[in-house]
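This report concerns only the one structure given below.
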Amino acid sequence: MGLSKLSISDVDLKGKRVLIRVDFNVPMKDGKVTNTQRIAAAIPTIKYALDKGAKSVVLMSHLGRPDGHKVDKYSLKPVCPEVSKLLGKEVTFLNDCVGPDVVNACANPAPGSVFLLENLRFHVEEEGKGVSPTGEKTKATADQIKAFSESLTKLGDVYVNDAFGTAHRAHASMVGCQLPQKACGFLMNKELTYFAKALENPERPFLAILGGAKVSDKIQLINNMLDKVNELIIGGGMAYTFLKQIHNMHIGNSLFDAPGAEIVHKVMETAKAKNVAIHLPVDFVTADKFADDANTEIRTIQSGIADGWMGLDIGPKTIEEFSKVISRAKTIVWNGPMGVFEMDKFATGTKAAMDEVVKATKNGATTIIGGGDTATCCAKWDTEDKVSHVSTGGGASLELLEGKQLPGVVALTDAH
C-alpha cells in the first residue's frame, strides 16, 4: 500500500463544498464533552479549507457504538458548540447525515458555512451491520449501503478524510464517497508521512519496542517488524511467555499465553535468520498481588518468580540494558507498555523507556508512538510534544505496522 496520497494542500478549494470525515468520537459525560482533544486536532484542516475560500465545510463523524439506530446519548449535537468554540465560528448542526433535508441544506449554502452532521452510525449502512433496539442483529444490503454513500457524496464537491483512527474500517463514510478528488487532511497526512518514514525508508538502526499482554495478539506485528527492524525489544506481559519458552524460567503467576507460546521458537529462529537482535528482560519487579499496595521484590531469570507472585514491570538491570538499545537507534516505533504503568509502583520501566525515547528524539532519532496504551503514557507523562509522532489511531496504527492495507487510505486519491 502506497502511503503517499493527495493532500488537502494539493487541491483547489475555492468555491467548493468540502466534505470532511473527522473523528469526533470524544468522551462524554451527562451530555457534555469531557475531552476536546480530537476536536482540536481537526481544527487546522477545517480552518485551512475556509481560509482557502471553500464555499462550505460539511463535517461528518461517528460517536460511540449506537449499532445502526438512533440512540440519544450518542448524538453529536452537544459536540457542535465545542467545534464552534474552537473554530471561532458558528457551526450549524443538522439532525441527520443523509436524506433530502440534509442534501437541501448543503446544496447551495451561504459562503463560509460550516455544518456538522448527526452521528453516521445512527444508520446501519455506515458500518454495514448493527443491532436493533430490541437486540436482534441487523444488516444493510449492498444497495442500501450504495444509496447511503451516494447521499453523503451529494453533500460536497471535494472529499477530505482526517479520521486516521477509523482508517482500518471499510465503512461507508471512509470508502464510499465517490467524488473526483479524495484527499487526506493534515492529521491523516501527518500519520501517513511518519509511518511511511518508518516502514518504507527508515534511518537505521531501526528499533521496535513491543509490549502488551499477549504474544498471540501481536504475532502479525512481530512477524512484520522482523522483516524491517535491526533490533526488537520485547517487554510487558508477553515477555514472560518468551522467557518461559526460551529459558524454561519459572514465572509464578505471571501472564502466560499458551497459544502464543507455540510460536516463540519460530520467532527466535526468524530473528536469527534475518539478523535481528531480540532483547528480553533480565530482571523483574514482582508482586504478591495485582494491586498498588502489593509487596514487591526484584527477581531474575535465574531465580525465577515465586509461586503466587507475578511480574508486573521490568527491573533495574533491564532498564539499563534497554536504555542502551534505545539510545543507539535512529528510528523507533513503540507499541505497548513495559509494565502495568497504570499503577505507580509498576510504572518505572515504562517511564524509563519513555525518558530514553525522548532523549533519542532530542538526538535526532525519528520516534513514533503507536496509539492505545503507549499514547496514554505520553499523555500521562506529558511527552506528546517530546517525541516525533504520537499516533491518534490505536487499531489503525497497529494494522499499518502489521503490514495490512487500510481501506480508508486505499480509498484516497494517490499523490501525483
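Glycine is treated like the rest: Cβ placed from N, Cα and C.
For V22, D23, F24, N25, Q37, R38, S61, H62, G64, R65, L120, R121, H168, R169, the entry in Swiss-Prot reads (2R)-3-phosphoglycerate binding site. Summarising the annotation, Swiss-Prot assigns ADP binding site to G212, G236, F341. According to Swiss-Prot, the feature CDP binding site maps to G212, D217, G236, G336, F341, an assignment based on similarity to another entry. The AMP binding site feature in Swiss-Prot is assigned to A213, K214, K218, G237, G311, E342; the stated evidence is similarity to another entry. Taken from Swiss-Prot, the feature Mg(2+) binding site applies to A213, D217, D373. The ATP binding site annotation in Swiss-Prot covers A213, K218, G237, G311, E342, D373, T374 and is backed by similarity to another entry.
Structural mapping of features recorded in Swiss-Prot.
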{"residue": "V22", "record": "(2R)-3-phosphoglycerate binding site", "contacts (Cβ under 8 Å, 6+ apart)": "A42, T45, I46, L59, M60, S61, D162, A163, G185"}
{"residue": "F24", "record": "(2R)-3-phosphoglycerate binding site", "contacts (Cβ under 8 Å, 6+ apart)": "R38, I39, A42, L59, S61, L63, L76, V79, V83, L116"}
{"residue": "G64", "record": "(2R)-3-phosphoglycerate binding site", "contacts (Cβ under 8 Å, 6+ apart)": "N25, M28, V71, K73, Y74, N119, R121"}
{"residue": "L120", "record": "(2R)-3-phosphoglycerate binding site", "contacts (Cβ under 8 Å, 6+ apart)": "M60, S61, H62, C97, E126, H171, A172, S173"}
{"residue": "H168", "record": "(2R)-3-phosphoglycerate binding site", "contacts (Cβ under 8 Å, 6+ apart)": "G393, G395, A396, E399, K404, L406, P407, G408"}
{"residue": "D217", "record": "CDP binding site", "contacts (Cβ under 8 Å, 6+ apart)": "none"}
{"residue": "K218", "record": "AMP binding site", "contacts (Cβ under 8 Å, 6+ apart)": "L210, G212, M238, N335, G336"}
{"residue": "G237", "record": "AMP binding site", "contacts (Cβ under 8 Å, 6+ apart)": "G211, G212, A213, K214, S254, L255, D257"}
{"residue": "F341", "record": "ADP binding site", "contacts (Cβ under 8 Å, 6+ apart)": "A347, T350, K351, D373, C377, K380"}
Problem set entry | Pairwise Cα distance for G311 (AMP binding site)/T374 (ATP binding site) [Å, integer] | 19
For this session: Identify, among the binding-site residues Q37, S61, T374, the residue whose Cβ has the fewest other Cβ atoms within 10 Å in this structure.
Result: Q37
Exercise. Counting only other Cβ atoms and using a 10 Å cut-off, which of the binding-site residues E342, D373 scores lowest?
Worked result: E342
Exercise. Hey, does DSSP put K218 (AMP binding site) in a helix, a strand, or just coil?
Worked result: helix
Seminar exercise, completed: Here the binding-site residues are G236, E342, T374, and the Cα closest to that of Q37 ((2R)-3-phosphoglycerate binding site) is found at T374
Problem set entry | L120 ((2R)-3-phosphoglycerate binding site) in three-state DSSP notation | helix
Problem set entry | Neighbours of G212, G236, F341 excl. site residues, C-beta within 8 Å of centre, ADP | G211, A213, G235, G237, G336, P337, M338, G339, V340, T350, D373, T374
Exercise. Taking each of the binding-site residues G236, G336 in turn and counting other Cβ atoms within 10 Å of its Cβ, which one has the fewest?
Worked result: G336
For this session: Please state how far apart, in Å and to a whole number, the two most distant Cα atoms are among A213, K214, K218, G237, G311, E342, the recorded AMP-binding residues.
Result: 21
